[in-house]
Amino acid sequence: MGKKRKHSETQAVEPKKKDEGAPERPKRTLMGWKDKEEVQTQTDSNPESPQFFRNKEKVMVTCSRRINYRYRHLMLNLVSLLPHCKKDNKVESRSSKGATLNELIELRGCSSALFFECRKHQDLYMWMARCPNGPSVKFLVNAVHTMEELKLTGNHLKGSRPLLTFSSNFEKDAHWKLLKEMIIQIFGTPKEHRKSKPYHDHVFVFSIVDDHIWFRNYQISVPHNESDKMVRGGLDKMTLVEVGPRFCLNPIKIFAGSFGGPTLYENPFYVSPNQIRALEKRKKAGKYAKKVKAKTRRKMHEQSNPLEPDEFADMWRE
Amino acid sequence: MGPRSKDLSLLQVENNVEDDADDVIDDASEEEESESEQEDVKLMEPSKTAIYNREGLVEKLEDISWPENVDWMHKLCLDIDQEKEVDVNDDLARELAFYTQALEGTRLAFDKFQSMGLPFLRPPDYYAEMVKTDAHMQKVKGKLLAQKRQIEEAEERRKAREAKRIAKEVQAEKLKERAKQKKQEIEEVKKWRKQRQQSGFKDGKDSMPDLGFEDGKAFERSSKKRPGVSPGDRSGGKAKQGGGKGNNKNKKNREFRDSKFGFGGKKGMKKQNTAETTNDFRAFNKGGAAGNKKRKR
């Protein structure tokens, strides 16, 4: 479906692509029918015309079995935020996960996927993958707040195109740049999508703090009497209300293939939640042993340094 | 193992050697850990086994990215400069940073849209399906109103408490004032009497002290209005009240006793044995246990 477009081949591939995207019939003018060659020459003359670029991105959203209620609601929230996504059934298999998922994506005809994997009913991992042979990223998701929380009071049109804002440290490193590109393609609604609404009334915030990607979704609200197209003074009174959901992504690994393949990047600071829990347990486990040790040490110490007999020991004896 | 090692060497352009899980665990247990969030711990020193294949990353980026000349309208992405480092654990500062980033982005986008002449904000009469249902928004509204009411009530309670305290102080002040006045007047009278004694009771009007009670005002009623209350009314005007819902005689009895013995009755004339009060049976049970209770019926 989506032919992989290499950067160097843009010029050569573009005209051919335009033919497929352009209307099949030759243009009709007063003089007769314009031939296809004429159309081609016309468009050839400005080879950099971007109007024939169509964003045909489709995202498949699935989850694993035994997912938590909170994470399931997060997934459903994301489904409602992305009108260009397709929600699929739960994926069962543990082994050969990559192959199954790749097949599923091909089957639904999608170009990207968001896969939510919940382990031990506690930890949520999110995979962001580009289907045919694009890169894939595995994140650990923290600090989840869904849209149903009553503290997040904003609301926006379902399917309106979001404005994506990134903090400037996305340009600092290669892996952040790659992540930024993937995020733009997955979270940005295509322009003339069937289910998209015309106005822009919400903003996504992706920001890197402490090597984590934080996500926020705000509604743009302007006082009503000035919400015209050509608002001038309304710019100052613009406020943002949080719609939700909220989550924080911790990148673990970036793979070259979809759901597998050679590792391109590994987060050096990442500690898996299993290890954290194990360490805590070990700390606690040491408590009793330490106590026993301390007791025996005390005993030895007392034995080796006996106290002098106390003068006043018999004072209160009857 | 031969071809495999070749693969490894091809992949790792940097010097890192592929490691297995045990070493990572050892690393983690050796180093100090800092709690950054719930269940999220970061290693203090970066694990030395991390892979970073920069060229691979750049190559993949070029693979997937859209052609350069794509209109900004397709991407709608904005880069906002983040001036200062935000501490992760300071919630307020962090959220503020996100908010300012979003606001900046919206302003930039707004300018761009205006320059392109495209509609940006939603007009107030555009009704379409929203991401949260109306029922949900009702709940949100209810919660907000409840919060506001709670705050207001707390404010009111606090104000009432303050007012009561102040009123009490003022009352105490007034009482003190009155006592002082009274004492002063008595002293003045004593002084005058002494003076008169000393000068032999012969003076006329000119040495009369200026006493406050000579005006004749004291025999007037106090200015506090108690309409509907006659002077001889021991109940303080509350006996005539009543009716309404509980019209039984118990209520009447209760009310009468309240007005006679409770607070709010007319001062000073509470217990008087006059002709009226002798035949006043309002407080007694009518037709109740008539006669001797001990006699068997």
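Note that Cβ sites are derived from N, Cα and C of the backbone, with glycine treated the same way.
Annotation source TrEMBL lists region 'Disordered' at A:1-51 (among others).
Taken from TrEMBL, the feature compositional bias 'Basic and acidic residues' applies to A:14-39.
Residues or ranges marked as compositional bias 'Polar residues' by TrEMBL: A:40-49.
What TrEMBL records for A:57-260 is domain 'Brix'.
The region 'Disordered' feature in TrEMBL is assigned to A:287-318 (among others).
The compositional bias 'Basic residues' annotation in TrEMBL covers A:287-300.
Using DSSP to sort the residues of the compositional bias 'Acidic residues' (A:308-318) gives these counts of helix, strand and coil: 4 helix, 0 strand, 7 coil. Residues annotated as compositional bias 'Acidic residues' in TrEMBL: A:308-318.
Confidence across the domain 'Brix' (A:57-260), taken as the mean pLDDT and rounded to a whole number, stands at 87. Remark: secondary structure over the compositional bias 'Basic residues' (A:287-300) totals 14 helix, 0 strand, 0 coil, with classes taken from DSSP.
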